Amino acid sequence: MSFTEDEQRLAQPDDHASVHIAAWYMDDSIEDQRLSHQQNPEKPASLQVLQNLGVLYWKLDADQYETDPRLAAIRKVRGYSHVEIINISKDTLPDYENKIKTFYEEHIHSDEEIRYILDGSGYFDVRDLDDQWIRIHCKKGDLIILPEGIYHRFTLDETNHTKAMRLFVGEPVWTPFNRPQDEHTSRRKYLEKFGRVASTA
Ligand SMILES: [Fe+2]
C-alpha cells in the first residue's frame, strides 16, 4: 500500500524535543498498584528514554477520534485495520477482577500493544534495559505503542476508569506471555532491536 506525503507526516509519532510525557521511574513499594509510586525525590523518565526502549507516543484530540485525520493516517500507515473500544471499570468490564489481575502480570506479546485513551486514565509500566520499571501515566488523548517483546503491565490509577481504543494489524491476538520469556522469539527480537548492543552498534 502506498501513502501520500501528508499521511506519512500525519502518522509521525510526537517528537521528544517538543512533547512532554508523564513518566517516571517507580519506587519499590508493594502498596496499592493504583498509587503513583513516584520515587522520593521524583525521578522523571523522558520521552527520549521511552523512545530508546521502542515506545511511541502521540497526543491526539480524543473528542474527535471518529474524524481525526492524524488517527486515520496512523491507522493507514501502520496497517491498524482492527479497532475496538474497551471500557475498564468495575461496572463495565466483564470478569473485572481477573482481568485487572492479568493486566498487571508482567508480560510480553508477539505483536505491538496499541492503546488510545479516549477517557479516564491509567498506568502502563515498562521495563527499561536495567530492569527498572518506568511508569507512564496515560490520559485522555494519549496514544501509545509498546513494541513487540517489551516487558510491561497495565493498571488503572486511582480514578478506577480507563476507556481505551485497542488497535491491531489484522485479526487481534491479545495473548500475554508472562515473564520469564527470555527465549521467546519476540523477546529476542526486541533485544536485537532495542537492547544495548543494538543501541551502541
Ligand atoms: Fe499487554
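Going from the start of the chain as shown, residues are counted 1 onward.
Each Cβ is built from the backbone N, Cα and C atoms, and glycine gets one as well.
According to TrEMBL, His107, His109, Glu113 bind Ni(2+); the candidate from His82, His152, His161 that the record adds to this site is His152. Each residue in Ile108, Leu146, Ile150, Tyr151, Arg153, Pro176 lies on the same chain as His107, His109, Glu113, His152 and has a C-beta within 8 Å of the C-beta centroid of that Fe(2+) site, without being one of the site residues. Taking all protein chains in view, 19 other C-beta atoms sit within 10 angstroms of the C-beta of His107 (Ni(2+) binding site).
Compared over the binding-site residues His109, His152, the count of CB atoms lying within 10 A of a residue's CB peaks at His152. In this structure, Glu113 (Ni(2+) binding site) is part of a beta strand by DSSP.
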